[in-house]
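Marked as FMN binding site by Swiss-Prot: S9, S15, V16, S17, M96, Y97, N98, F99, S140, R141, G142, G143.
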Amino acid sequence: MRLLHLDSSILTDTSVSRRLTAQVVQDLHAAIDDLHATYRDLAAAPIAHLSGAIAAGFRPLPQPDSDAASVAEHALSEQLVDEFLASDIVVIGAPMYNFSVPTQLKAWIDRIAQPGRTFRYTANGPEGLAGGKQLIVASSRGGMYAQGPMASLDFQEAYLTATFGFLGVRDVYFVRAENQSRGPGPAAAALISAQASIADVVRSVARGVVHTRVEA
């Protein structure tokens with residue numbers, strides 16, 4: 001069983017999303033035997049944003065006259081897609097930045113959203129090719145966006161749900177810590193609530209993994 005763990009917060013010791021993903025991964029290891037993890041820190045080791053040259057290298061393979069940089073970027077794109085497709089569980093730390101996801105996470109998504117690899121177009125419309133995965137997103141936000149007057153500005157969780165759904169990933173769980181910029185009291189209460197929700201999420205994911213194993 002393979003786990004892909006991604007962090008994208010530009011913060012380190014003070015990052016709420018990193019604290020949450022660390023606890024999620026720890027609890028997953030305790031709940032699921034033989035869980036092999038691959039970790040990427042998308043902020044510490046950022047992936048280059050999509051360019052014309054990088055996109056041209058998705059498919060087919062780079063031409064013989066491609067420069068070394070293009071060949072290297074193609075190899076990285078292939079590695080990122082392979083890691084994603086090979087994973088049974090994906091854990092993503094995704095704080096809200098300016099109502100959306102960190103640019104570092106968007107760069108990774110742009111590499112793995114490849115026609116013919118993770119989705120395809122058919123006569124009946126687009127079809128995701130990355131189904132069967134369990135996705136857990138550790139979501140941290142400065143204010144309250146799950147409900148209330150700011151809900152319409154949520155282009156973070158809504159974007160992730162839509163994007164991974166397009167790729168075929170239907171089982172998406174959010175561990176959400178809101179109000180992180182609303183003072184120590186509300187921030188601490190929201191973090192405690194998010195941490196308390198992890199146990200239920202891990203149980204649900206573990207059940208899904210067992211169900212997948214039985215079907216296989």
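Glycine is no exception: its Cβ is also placed from the backbone N, Cα and C atoms.
Counting other Cβ atoms within 10 Å of each Cβ, the lowest count among the binding-site residues S9, N98, S140 belongs to N98. Taking every pair among S9, S15, V16, S17, M96, Y97, N98, F99, S140, R141, G142, G143, the residues listed as contacting FMN, the largest Cα to Cα separation comes to 17 Å. Under DSSP, S9 (FMN binding site) is assigned to coil, being neither helix nor strand in the three-state scheme. Secondary structure from DSSP puts V16 (FMN binding site) in a helix.
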